[in-house]
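These come from TrEMBL:
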SITE      B:492  site 'Determinant of potassium independence'
TRANSMEM  B:6-27  transmembrane segment
TRANSMEM  B:58-76  transmembrane segment
TRANSMEM  B:88-115  transmembrane segment
TRANSMEM  B:135-162  transmembrane segment
TRANSMEM  B:182-203  transmembrane segment
TRANSMEM  B:277-298  transmembrane segment
TRANSMEM  B:346-366  transmembrane segment
TRANSMEM  B:404-422  transmembrane segment
TRANSMEM  B:498-518  transmembrane segment
TRANSMEM  B:539-558  transmembrane segment
TRANSMEM  B:606-624  transmembrane segment
TRANSMEM  B:695-713  transmembrane segment
């Protein structure tokens with residue numbers, strides 16, 4: 001047992017050392033000329049200012065929620081005695097705060113490195129593609145490793161502190177209770193993730209839309225032009241939306257999934273003992289090591305090759321190392337004797353791991369199909385643009401809706417296969433099927449650190465492109481950053497597919513964890529079935545509200561972008577009017593003022609959609625009861641996954657349809673088709689960068705929130 | 001008992017006589033000048049040709065389905081003996097065919113009268129608003145009465161033939177079995193309704209978009225200009241989409257609701273006897289009489305008043321008569337003794353009726369709020385149009401998404417209240433709560449005939465406007481038809497709200513009917529609870545696919561419009577090119593050829609989306625089992641209602657945002673804002689007239705299809 005803990009903490013220490021090494025490597029790079037540094041400093045300042053202010057707002061909200069959690073759980077558990085209730089309430093509240101802090105910290109680290117890497121990538125591009133690629137990916141890797149290592153550290157340490165350590169030394173009851181206490185950690189993480197993603201998503205698109213509408217359309221200056229007062233805000237937005245947002249999102253995914261799988265491991269205690277509960281943590285540690293190995297495999301000797309090939313090589317290496325290491329982990333940890341005395345067939349459980357890994361590849365492939373310029377859907381939208389903006393929009397919506405079908409079928413198949421493998425491996429044990437799906441989810445999430453590195457690569461290269469553009473670097477340097485930027489757009493789209501896929505797979509797990517918790521409260525054995533009767537009106541209503549809430553949330557999130565963009569538009573217009581010489585390049589616009597205004601706007605606008613998501617599940621549970629909350633949870637989750645697929649893929653397809661036209665098709669830039677393409681791209685922006693990614697977090701938040709408040713439900 | 005049957009059939013005969021009287025009245029009106037008649041004849045020819053060809057296609061599909069139903073039910077019931085299985089299979093198959101025929105017939109009658117009324121409304125406009133209003137509403141009333149009377153006749157007669165008559169004479173077992181045999185009728189009706197709405201919806205929008213894109217945008221000629229080769233197809237489209245489509249939709253609603261309520265009435269046999277089973281039919285008869293009275297109250301003496309006031313007066317009268325008559329029906333029929341000997345409190349059951357009536361008013365109000373030019377949402381979209389098409393679309397989508405929230409909350413409240421009233425009135429009887437919601441649905445649907453009259457009023461006045469425009473009638477006449485047309489646009493939007501509201505309320509009923517049927521097959525008592533365990537993977541997958549299917553269906557329906565519109569565009573361009581003198585007005589375009597091409601296109605494109613809806617529920621049931629089919633049904637229904645609200649309200653809001661700009665706001669016609677408004681309107685067209693209304697039918701179709709095929713499910 002000690003060796004497993006040594007492994008877990010050893011990996012955490014290795015990750016920390018690698019992170020320090022990467023940071024040293026990045027800071028040792030050339031910072032570029034003075035002009036580049038000036039721009040980079042402005043971005044850095046804006047991004048950090050936003051993050052600081054955002055965290056203040058979130059901290060205030062989190063504090064209120066923490067108090068509510070503690071009070072609610074105290075009264076909810078009073079029947080078990082004052083002492084137990086108090087201890088329970090404090091522990092779950094403390095877990096919430098820890099989760100929130102860890103999530104915030106991982107967002108902070110990722111952002112800090114990203115805004116320091118961007119200028120170095122721009123400078124590195126002078127020495128060629130490979131150098132720039134290395135810096136950008138290593139910058140991204142800091143986020144990937146920080147997020148996953150912090151998640152592992154938080155979950156493992158809380159588990160040990162909440163009885164896991166005594167449990168491992170033989171006190172069976174304690175180890176069985178510990179995982180349930182961790183849900184507070186998951187809720188804290190998802191709470192911060194929701195607001196981080198929402199605020200960041202609103203910021204990035206408000207700045208983008210505002211900069212484009214006044215800069216490109218009204219003033220007629222190109223993108224990333226230093227005369228545009230919103231140009232720095234736009235570059236800041238790339239960081240706070242894609243970088244901090246997605247980091248918090250996947251921090252939450254890995255934490256929630258680990259906790260959910262550990263809770264299920266409790267049900268298998270008779271077969272695997274504490275090994276079944278510890279397995280998820282070991283799997284997480286393996287994923288970190290594999291990702292580190294994968295990251296060091298990324299390099300491109302042939303400068304003319306697509307950098308995507310190098311990134312894919314790293315992903316492939318990570319997957320292979322993972323598959324091998326997880327096999328041994330399954331073989332060693334998930335072996336044991338069934339109640340009838342026969343051996344557990346670990347090959348079946350390993351099959352579930354493979355199912356998850358295959359699903360992650362399928363999701364990446366499907367996202368690529370629906371959003372790539374080389375494929376039918378995007379080209380169909382581009383063709384429809386020739387008859388105007390209306391047909392572009394209609395086709396884009398149709399493509400987005402269509403793109404929900406295959407992912408749902410493959411998720412369904414994966415859940416079914418993993419469930420049946422779990423049942424076959426552990427027959428006649430209540431939660432064995434669910435444990436199968438949990439293992440599949442671990443397989444899918446084992447590459448998270450690498451995926452996140454690729455994802456953060458996106459905003460870093462995007463920023464690097466902006467910096468070279470604004471600093472007037474030579475054409476050859478811009479060519480390098482342009483290629484990396486195009487590659488970053490692809491990785492961002494793919495990781496969004498990965499994020500929603502893993503969220504979808506994890507939902508079934510989290511939903512089942514909720515049912516388990518309800519059983520425990522009702523005093524039913526954990527391996528009994530708790531059926532939700534959808535013939536009852538309360539349950540039907542809970543389901544109805546669950547399906548509706550994702551629309552209401554998306555509506556408010558999309559509208560928030562529009563409103564925040566208005567602030568930007570007014571400010572940019574004001575600067576053009578009041579500061580003479582901006583357009584002639586003789587006077588500098590007041591970038592900081594614009595950054596400040598988007599910051600205030602985004603933070604103000606994130607509160608309403610965020611509160612809708614936090615308050616509704618509690619209201620449903622308190623007013624309509626536990627079963628209604630279960631239906632709310634299930635239908636909200638399912639509808640959320642599908643709406644997120646629609647928004648992400650539709651938005652991505654519109655984006656690339658415009659790019660496809662810009663490549664010279666249907667008349668190229670400045671054609672009528674291109675104008676229609678720009679409309680589609682603008683519509684898609686809040687879809688794919690604000691509402692869609694926030695829905696991933698919403699899905700997991702409603703799971704953890706119902707778990708934390710279940711004691712209050714009727 | 002005889003007196004109730006006399007009432008039901010008496011009302012059917014009265015309805016038939018009133019229909020004959022209305023037809024005579026319409027045909028006695030002035031047919032207008034020769035030019036008007038020419039145009040009207042062309043519309044008539046095109047509409048009837050489409051309907052004939054469409055029905056041929058549907059008949060072929062229906063025949064195949066009928067055979068499958070008979071074979072499937074024969075094998076599904078074989079365990080009960082060959083004789084029983086054969087008798088069951090034939091009866092359910094015959095019911096399917098009858099339902100399909102009745103639905104087709106009601107669509108046919110409505111269309112026939114509509115295409116004969118339009119020119120008479122145009123001619124009547126010469127003698128003033130009141131005359132034209134009367135003709136248009138009475139034309140619509142023929143559809144309303146034909147649809148509801150045929151539905152009542154079909155359900156009542158099949159019920160009596162399938163054992164109801166012997167049952168009423170004392171054979172208790174027979175009367176309890178009869179309602180379940182009627183589900184075939186509901187399925188037949190919804191099967192035809194789906195294809196009628198889909199084909200009509202594709203036709204109308206393909207013609208509309210095609211005519212606009214080439215005529216208005218490319219050739220620069222105004223709407224309804226006789227030089228446009230697609231202008232007749234566009235006018236035909238109004239009839240086949242709005243008239244035949246919605247007629248079939250509400251035929252299906254009333255039939256399915258009646259059947260569902262009768263099945264629930266069986267569960268209350270110990271209290272109400274056969275009265276509880278017959279009550280839904282009596283309520284239907286009352287609705288027809290009230291609507292007839294309401295229709296004769298519509299007239300406007302003051303020609304300067306908004307004709308909407310006169311239509312609302314009729315609606316109000318219908319509702320009041322209904323409320324009074326239903327009170328006596330409830331008091332007389334739904335009285336009896338509870339098992340403990342106490343009297344049933346019929347006031348509580350009457351409260352459920354009132355709940356349904358109130359809900360229908362709320363739905364009409366909410367639809368009005370989200371789609372009216374005078375309200376915040378539409379004006380917000382209009383304002384967003386000033387910054388271009390992209391912001392118009394983003395705001396419209398946001399409004400559409402937001403508009404799902406309040407309807408869901410009110411439907412939920414209505415279901416909850418009606419359910420609790422049912423339980424309070426009939427304590428400790430299994431299906432009493434559901435019967436409460438069934439009664440509420442009856443309350444809501446009791447005004448169907450009048451609502452349908454208002455709805456069909458829309459395409460008639462739309463056509464009348466087109467005829468006056470094309471025939472070059474004087475300005476004063478056009479002013480009258482313009483006012484009626486504007487009024488028709490409002491009624492069309494409101495009835496869409498009514499249709500989706502009643503579909504949503506009926507779904508809970510139909511879903512429960514499915515659960516009852518499953519219980520019967522499993523040999524459980526009908527008043528036991530059958531819980532669907534959403535923790536099982538099959539059930540989760542069924543739910544997932546249910547939520548996805550409504551997106552896939554909408555995607556294919558929207559894309560079908562795009563494709564069919566392409567055929568129109570190519571044909572119109574060809575005519576402009578090959579027929580010299582069209583633009584100068586010296587040569588006539590070949591209208592019939594365009595009509596023929598849209599017809600073929602729409603019929604071809606309706607098959608794929610239609611088949612998706614028919615095949616998927618059967619596959620889910622056969623492969624994943626009864627419980628998965630229940631989850632599919634519930635989540636498909638809920639998601640379908642919400643997506644339909646989004647599509648209908650979004651589309652309606654875009655339409656009126658354009659109109660708001662045309663009224664002179666934000667620069668009025670030809671401003672940049674107006675261009676953006678036109679884009680939004682075009683995007684909304686397939687939303688609100690193809691995909692949205694087809695989803696209403698889809699919702700009910702998946703209920704009836706699972707009911708008919710449940711014997712086959714695993």
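Using the three backbone atoms N, Cα and C, a Cβ is placed for every residue, glycine included.
Predicted automatically and left uncurated, TrEMBL annotations should be read as such.
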Proximity verdict for the transmembrane segment (B:695-713) and the transmembrane segment (B:58-76), three or more C-beta pairs under 8 Å: yes
Selection from B:58-76, B:135-162, B:346-366, the stretch that has most Cβ pairs under 8 A to the transmembrane segment (B:6-27): B:135-162
Listed stretch, out of B:58-76, B:88-115, B:135-162, B:498-518, B:606-624, that has the most CB pairs under 8 angstroms to the transmembrane segment (B:182-203): B:88-115
Intrachain neighbours beyond the transmembrane segment (B:498-518), with Cβ under 8 angstroms and 6 or more residues off its ends: 180, 183, 246, 249-250, 253, 256-257, 259-261, 263-264, 267, 356, 359-360, 363-364, 367, 407, 411, 414-415, 431, 434, 437-438, 440-441, 444-445, 448, 451, 526, 530, 532, 626, 629-630, 633-634, 637-638, 641, 644-645, 648, 692-693, 696, 699-700, 703-704, 706-707, 710
Beyond the flanks of the transmembrane segment (B:346-366) by at least 6 residues, Cβ under 8 Å: 319, 322-323, 326-327, 330-331, 334-335, 403, 406-407, 410-411, 414, 417-418, 421-422, 424-425, 436-437, 439-447, 494, 497-498, 500-502, 505
Close approaches to the transmembrane segment (B:539-558) from elsewhere in its chain (Cβ under 8 angstroms; 6 or more beyond its ends): 198, 201-202, 532-533, 608-609, 612-613, 616, 620, 624, 627-637, 639-640, 643, 647, 686-687, 690-691, 694-695, 698, 702
Remote residues contacting the transmembrane segment (B:606-624) - C-beta distance under 8 A, at least 6 residues beyond either end: 57, 61, 65, 191, 194-195, 198-199, 202, 538-539, 541-542, 545-546, 549, 552-553, 556-557, 560, 632-633, 636, 694, 698, 701-702, 705-706, 709-710, 712-714
